[in-house]
Amino acid sequence: MSKSLFLTIVAVLGLAFGSQIAMAQSVAEIVTDDFFNGIINQAPANCAGKNFYTRQAFLNALGSFPDFGTSGSADDNKREIAAFFAHVTHETGSFCYVEEIDKTNKYCDATKTDYPCNPEKYYYGRGPLQITWNYNYGAAGKAIGFDGLNSPETVASDPVVAFKTALWYWMTNVRSVLSQGFGATTRAINGAVECDGKRPDLVQARANFYTNYCTQFNVAPGDNLLC
């Protein structure tokens, strides 16, 4: 083998290996302390979430969802992580809220007989994506191992469970529409309330968080940012 041919092969292998390294960048390397703190530091000091949400709790929960932010191209992975944290930021007020402000609605859908409501429990929003309704608590609990119907408050008392419920909801109900653009993820999370001109201010607020995080991750946000 000639020296020039050998060097060419080495160069090609080096490029391929470098590409694999980029593809294999972990979620933890993207969601750095600086990134996470940059969100939570926006919340007022008296917020319950300041002493609840942590990057380590997120990373611990992530162990149950190895496909999150890892199964696409390097850019697609960054966009997924940016989208998830954009919605989390919006839903929690930059990690301020652990529970929904209005706690008067039980959010019990009695037609969902697979997940019967405990009459003494309330299924209002809790956690990073403010999971709501008995059928979501029930299904999330079944999937990740807690009694969502009888102990929904676990989502507001255990930060790892809280992040697991958010990641479960994301992987189950949101991730499949990522290829349609960020606006489709907004529709999947709260489309009935915000999309189609109902609350364009909230739709734009979510998109603003997303584009900001994409900038931080040095990735293009893609098209179709609004719903």
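Each Cβ is built from the backbone N, Cα and C atoms, and glycine gets one as well.
What TrEMBL says about this protein:
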type     : residues      : note
SIGNAL   : 1-24          : signal peptide
DOMAIN   : 47-69         : domain 'Glycoside hydrolase family 19 catalytic'
DISULFID : Cys47-Cys96   : disulfide bond
ACT_SITE : Glu91         : active site, proton donor
DISULFID : Cys108-Cys117 : disulfide bond
DOMAIN   : 161-171       : domain 'Glycoside hydrolase family 19 catalytic'
DISULFID : Cys195-Cys227 : disulfide bond
* Round to a whole number and give the Cα-to-Cα distance in Å for the pair Cys117 (disulfide bond) and Glu91 (active site, proton donor). => 24
* In whole Å, note down how far the CA of Cys227 (disulfide bond) lies from the CA of the residue listed as 'active site, proton donor'. => 17
* To do: Determine, to the nearest whole angstrom, how far the Cα atom of Cys108 (disulfide bond) is from the Cα atom of Cys227 (disulfide bond).
  => 27
* Structure fact -> Expressed in Å to no decimal places, the gap between the Cα atoms of Cys227 (disulfide bond) and Cys47 (disulfide bond) is 30
* Asked: If you run through the domain 'Glycoside hydrolase family 19 catalytic' (161-171) with DSSP, how many residues end up as helix, strand and coil?
  -> 11 helix, 0 strand, 0 coil
* At the level of the C-alpha atoms, what whole-angstrom distance separates Cys47 (disulfide bond) and Cys195 (disulfide bond)? -> 29
* Please list residues from the chain of Cys96 (disulfide bond) whose Cβ is under 8 angstroms from its Cβ, counting only those at least six apart in sequence. => Ala43, Pro44, Cys47, Ala48, Gly49, Lys50
* **Segment confidence, the domain 'Glycoside hydrolase family 19 catalytic' (47-69), expressed as mean pLDDT** => 97
* **Those residues of the chain, 6+ apart, with a Cβ under 8 Å from that of Cys195 (disulfide bond)** => Gly183, Thr186, Arg187, Val203, Cys227
* Asked: Which numbers of helix, strand and coil residues does DSSP report for the domain 'Glycoside hydrolase family 19 catalytic' (47-69)?
  -> 12 helix, 0 strand, 11 coil
